[in-house]
Structures are given as C-alpha cells and as structure tokens.
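Listed features, source TrEMBL:
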type	residues	note
DOMAIN	A:137-200	domain 'CBS'
DOMAIN	A:201-259	domain 'CBS'
TRANSMEM	A:281-299	transmembrane segment
TRANSMEM	A:305-325	transmembrane segment
TRANSMEM	A:359-380	transmembrane segment
TRANSMEM	A:386-412	transmembrane segment
TRANSMEM	A:419-440	transmembrane segment
Protein chains: 2
Amino acid sequence: MKWYKIFTPELKELIESKNLKGLSLLLRNIHPADIADIIRELEPTERVITLRVLNKTKIAEIFSLLDPEEEEELLGYFTERRAKSILLEMDPDDRIQLLDELPASMVKKLLNLFPIEEREETNILLNYPPKSAGRIMTTGYVDLGTEITVSEALEIIRKTGSDRETIYTCYAINEGRKLCGVVSLRDIILAKPDQKIYQIMNEKVYKVYTTDDQEEAARVIQKYDFLSLPVVDSENRLVGIITVDDILDVVEEEATKDFHKMAAIQMPEERYFRAGYLKQLSGRVGWLFVLVLASTISGKILQKYSLALSSLIALAYFIPMLMGAGGNIGSQSSTLVIRALATGELSLRQWRKVLVSEACAGFVIGSVLGTTAFFISIFLLDNTMLGITVGISVATVVTVGNLAGVAIPLLFNYFKLDPAIVSAPLITTILDVTGIIIYFEIARRILNIHS
Amino acid sequence: MKWYKIFTPELKELIESKNLKGLSLLLRNIHPADIADIIRELEPTERVITLRVLNKTKIAEIFSLLDPEEEEELLGYFTERRAKSILLEMDPDDRIQLLDELPASMVKKLLNLFPIEEREETNILLNYPPKSAGRIMTTGYVDLGTEITVSEALEIIRKTGSDRETIYTCYAINEGRKLCGVVSLRDIILAKPDQKIYQIMNEKVYKVYTTDDQEEAARVIQKYDFLSLPVVDSENRLVGIITVDDILDVVEEEATKDFHKMAAIQMPEERYFRAGYLKQLSGRVGWLFVLVLASTISGKILQKYSLALSSLIALAYFIPMLMGAGGNIGSQSSTLVIRALATGELSLRQWRKVLVSEACAGFVIGSVLGTTAFFISIFLLDNTMLGITVGISVATVVTVGNLAGVAIPLLFNYFKLDPAIVSAPLITTILDVTGIIIYFEIARRILNIHS
C-alpha cells in the first residue's frame, strides 16, 4: 500500500544517469506527500539532485509535510536566497512550525531577507504561546464584507482562492475587521446571485482566541464537525483560521502526550525522534527517580514485617504476584477513566455511577483472581492457610486497586489537575504499599505470626 | 466554554410552563451538537417534550451526534412510524451506526417500514465488516460525468448539493460508474464555465476499498490532508465516500483502543459506557488472569532462592524496588516505541538506530537509578555489600528492561502482530522474572550466599 515505493527504483536510476528532465517529469506526477516519503529514503547527494529539479512551490508543499528536523537538514542544501523564497511560498502556519525549530540565529538571518510585510506577520505569529490556537492557525483564509452580493463574493473567491488554505468556509467581517458571520461556499453556491452576504451568513460563529490552547480548537472542530474554525484576537478581530487537517495532527499529538504521561514520561515534544536525546533522557529519568525513592516506603514496610517474613520465608514468594495484581488492575481502571475523561465521554458529574460500578467490578475480578491465587499457592507450597492468606490478600488488593485507579484520576480532575500526568506513578506506589500492608496484616491474623 | 449551559435554565422553564412555541423558537437557534448536550442533562419527561417540538431533520442531526445507547433510549419515545422517518432523514453512515447497536428484532421491524430502495441500501451497508471503510462511508456524495461542462457540473451541485454530506470534493465516474477522477469544488469554481470535467479533474485518485480497514482510510486522509476519500468496490465502482470528520473520530477511537491494549484490557468497544458491563468485565479479567498465572514463575524462582532469602531476609525488602524499576522503565520504552510505530513516525527499517540509542539510554538511566538505589539501601540498612548488590541489580534490570521494552514491540511488528496488544503483560512478566534472577545471582556472588 506504499505507493511511493513503486517509483523509488526508477527515480534512483534517473538520478544515477543524471537525467534531470526525466526526473522532473516523473516527479510532476507524484503527490508531494509521497515525494516527502521518497526523499526520506534517498542518500544526501540524491536528495540534492531531486530538490534541484523541483520548483519552489512543490518544495514548499513537501516541506510542510516533513518533520522540522528533516526540513532543517534539507534547508542546508539551499542558498539563503532560495531558502527564503521557499519559506515565503509555504503556508504561514507551516512556515511558523519550521521557523520554530530552527536555531535562533538562522531564523533571524532568514527573517531579514523577508519582505517587511511577511516579516512582521511572521514575527507576530512567532509570539503566540506554543501549542496555542495562534501558533497553529493560518492567515490564508477568505474574508468577505457583509454588504457584498453572492456573485461579488464568488468573484473574490475566484480571484484570491487559489492561494488560500480553504475556500469552503468564508468569514464575514465588518469595517473594523471584526468577525460577524460565517458563510460556507455551499451556501454561496446555493444562494441567488444578488443576495447579500449578511442575508445568507450565519451570525452565530464558533471561534477561538489566539491564546486559547490548541486542544480547545480541536474540541470545537470535533464537536461541530467543522472544516475550519476562525481565530480572533481579544477585540474579536479575525486574524486567522485553523483547518481540520491540522486538527487531525493535534488529536494524534494530544493522544501521544497522554500515552507518555501515563508511562511516566515527561517530554517537551511528542515525536520520538524530534524530542532530542538528552531532553528525552531527562524527561524519562525524573519520574523513575521519584518512583525508586517511593519504593523505599515498600522496603521500609517490609522491614517492619521482617519477623513475620523470617518465621515464614514462603510469604516472600507471593510478593511479586501481589504487587503485579495491584499494579495491573490499577493501570486498567485508571486507563479506562483517564481516557474516557480525555475524550469527553465521561464527566465528573458521573463520579458516583463510575465509583459504584467499578467497586462491583473490582469485587468480581478480585474474587476470580483471589481464587486463582489460592490454587496457585496451594500448587506451589501445599500450605492451605498460606493459600487462604494469599487468596484473600490478592482479592482485597484487586478490589482496592480497582477503586484507587478510578478515584485518583477523578480526584485530580476535580482539582483541575491533568489526570494523566500523576496517576500512573502515584497509583503504582500507593498500591505497592497498601498491597504489602494488607498482605502481612492478613498473614499475621490467619497464620498467627507475630511481627 | 460550555455554551449550552447558558440555555439550560431557560429551556427548563419553558418546558415547565409548557410553552411549546417559545421552546421551539429557542431551540431553533441552538446548534444540534449543543442540543445533544442539553438533552443528555434533561429528565426523561423533559426530553419527551423537547423532542416533540423539534422537526425530524433536526432530530436526525441530533441523533447522529449521540451515542448509540442514548439514541436507543430516545427512539423508545417515538412511535415506530416516527422512528422510521427520523432514521430515513439521517445520513446513511450515521443510520448504519445506530442500527448496528439496536437489538436485531427492532432493526428488522424498522427496516420493514423503510421504502424498498433505502432498505436494500441499508442492508448492503450493514453487511460490510465492522470497522471497515464500507461501514463508515456515506453514500451522500456528488458524482459527475466526465463529459459534462463546468457550468453543468455547478448546476448539478446546486440541485443535489443540499442533501450531500460534502460538495467540496466531487468524483468523476464513467458509464459503468467506475471511478476515474477527482475534482474539487475549488477547481470547478476556478475553471472556465465551458471546460469539460475530464479536462480539470485529477486522474490520480486515492481511494480505499469497501473491505479495507477504517485505519487505512484514516492513514490516507491524514497523509494527504483530504477532506474526503472515495470508497470503491472490487470492480472500482464508486459506492461511497468517507469524510474527514468521521476520520477524526476514527483517530481518537484507534488511540483509545491502543490505550486499552497497553493496559491489558481487551474490549469489543472503545467507549467506556458503551461497552456493556459484562463484556467490559470479561475483557479485563482475561489478561489479569494470565498475568496472575505468570507470576507463578516469579514465585517459583523465589522459592529456588529461599535459602539465600532466609540467610539474609533483608534481600526481600528490595524486591518491590527492583520489580518497580524494571516494570516502569519497560513501560516507558515500550510506550515510546509502540506509539511511534502507531503514528507512523517510526518504521521497522530504523530498528538498529532505535536499539542502539535505547541501549545507551538504558545504561545512563540505569546508572542514575542504580546509584540512587545504592544510597537508599545504605540508608535503610547500613550494609555496604547489600547496597552494592541492590545498586548493581537495579542498574542491570533497568538496562535490560529498557532494551526489552523496545525490542519486543519491534519484534511483534516484524512478525506482523499488533505491538500494542501483547507487550504490556509480556514485558511485565519477563522483567519480573529476569529482575529476580539477576538480583539473586548478583547477591549470591557479592554476598557469598549459597542457594
């Protein structure tokens, strides 16, 4: 299903034989997204040749599909002048994303080559906070006056439409550039030619502010199935739009962020290769360090029960099973809740329903696993009382663990903290400690061991 | 930011006072997605009244935004005739999604009320495999003959466009309904009125087959930034389209599926409330049962080292720390790799680079955590040799665990298995067992304990 693989051998041959004309013809029929894939597989010298036969518009399109580190590498092949003209050809949002990753000195040099208007626009966009609506928006939208007619609007769209990111949703603005309506190309096409825009536009416009988080933009576009969303400044002036294709990336990025958080990874950047080796290392070691420190508590508690342990060494055999069961059930229930909170399916309002249903679930699963654990310990040691101890402990830990896995994310959500970030390490630690205490307390009672 | 909350009190008052006219006026100005949210918060009797003042088109729109179980509940408020007419008003893809979740007897009854054409169409759609492109596609597309002119095309779009899911991408078909080109409304608008469709269409059409997985459709739309994607049957006949708003849901759904798999949950359905209590329970208990069984191995190995344990009971104190460190590092590195594989950022080709970089990362992180573990054990017990044992063990387990967390998903990927599904439980078990073996083997050598 990887279309571009078909072309790669032919392409390499054309490069080898320095047949630039043939190369140019071949590349003309390949989608920029596929050329981006092909370029990734080429040797540096082959890349230089391939890029030479492409015009700046195509290169700009390809650039917007590459990762910034790849773009940076490719930019190195060009003279500053050509790099500038490629950057100017890119959509404003893609340009910002690239400039964002380049070294500051290079950005400054390139910006100085920009015409003054583009330089100022770029500087404004670069000043919005990272991951904000202002940072991912594009200025390539169609705006229409409210007083013009449908046929005038169509004329404007015909004239300016070719270099706009979307023409399918147009925005109506008044004299002060304030956003006052939205009108789809569909409405324009279906309307009578002499109708005025204000007659067919929808005055209820959903919008986000430049400083809003990109997640907020994603939420609105997802909820209302929009193709694009207008972005306004604090005075309701239209300054850009966010298109649905960028939101697809945001949704994926946000999911990745949650995956990382739940595995106790704190990364400045979601992409594996993009994060930078040292940053990635430090983002990983932080929580692990805390977790190792936290396991001191488990050690300390085991130390407290050392008499019990030494009088029945077999108690130690089941520590892994107990810790595993607690950790696994906790990660199950917390994942269910955290993900349902993230997708908006679950809201805090429903906490009572969720707690009750998970308490029951924990009890059922606990009973099954506890019984299993009982038989396993009988099989390992043939000691009925120890088996009962292990069985009851596993059942209890699982019930408690399931509830904790649900309650902690809900609590975090209640206090307006991100449930994903702190729950994995916290739940593990809590369950390890309570698991060991439950186990030894039950053992003390059932096996009559003193501690 | 929840717009609809503003309306809820007013709405409730109108319902209370039985002011149906006012209610109808109020609802006319609220977006269907917001009405869906409001309905969720109403009491059943309030819902009945609210639904009574809405016309079937609006109800159909609202229905396509609700979860199937909510839809099923609301359908119960209607007579069969009205339920039928609402279903017929819905977009084909939303209708299928609803019918899919209704009890078979109800589906049969409703389908019998359908006009024969719609009944047949619905039956065909219901027969595509779940999660396939055929199942999520809609038949509400615009197709154009290749021989018609641009102005004729615009006329067709004007006439039929109002009930099509998108008019922004049109598909060119020949006499046999075979897909032969794609033309965007943008191209049509920008073209001259007397140009023929075949002159402006793009013959290179990206498409999926009805039986392709929905993930494949998502991949193509994401990669090429399409607004819609045509779906063809095995003979290249156009049968439907998939639109980008549905792909947003697919991307989120697929991420949720991976979240669940990685927490060892096997669910038939991604939504928390939709999965059904018993199905959810059985989907969770399966892997947990396997994991508890697997922990028998850890127990067995500890039993093997019982002599060592009883001669130095303090060795047991650090089992939680060791298991925790191994499990945490393994879940970190496997999450990084599994997610990067899922988003397509990492491909199998790069295995060597990833293995080397993660081996180094594991060594660095292992050194940090091993040193920490050394100091913790000195703090707990003031036994230098034991401290050295614990430190080296933690460092080794972390290095091994990091590598295993990377290697296992890559191996699964190599054998065309889903890396997400089996790695979490597998990695935990492998790391628990190897961790304990490493620990006691090092202890045996450093502390001169016999086992």
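Numbers run from 1 along the shown chain.
Note that Cβ sites are derived from N, Cα and C of the backbone, with glycine treated the same way.
Automatic, uncurated: that is what TrEMBL annotation is.
Between the transmembrane segment (A:281-299) and the transmembrane segment (A:419-440) there are 3 or more Cβ pairs closer than 8 Å, counting only residues 6 or more apart in sequence, so the two stretches are in contact.
In the predicted model, the domain 'CBS' (A:137-200) has a mean pLDDT of 91. Helix, strand and coil counts from DSSP across the domain 'CBS' (A:201-259) read 27 helix, 16 strand, 16 coil. Per DSSP, the domain 'CBS' (A:137-200) is made up of 24 helix, 18 strand, 22 coil.
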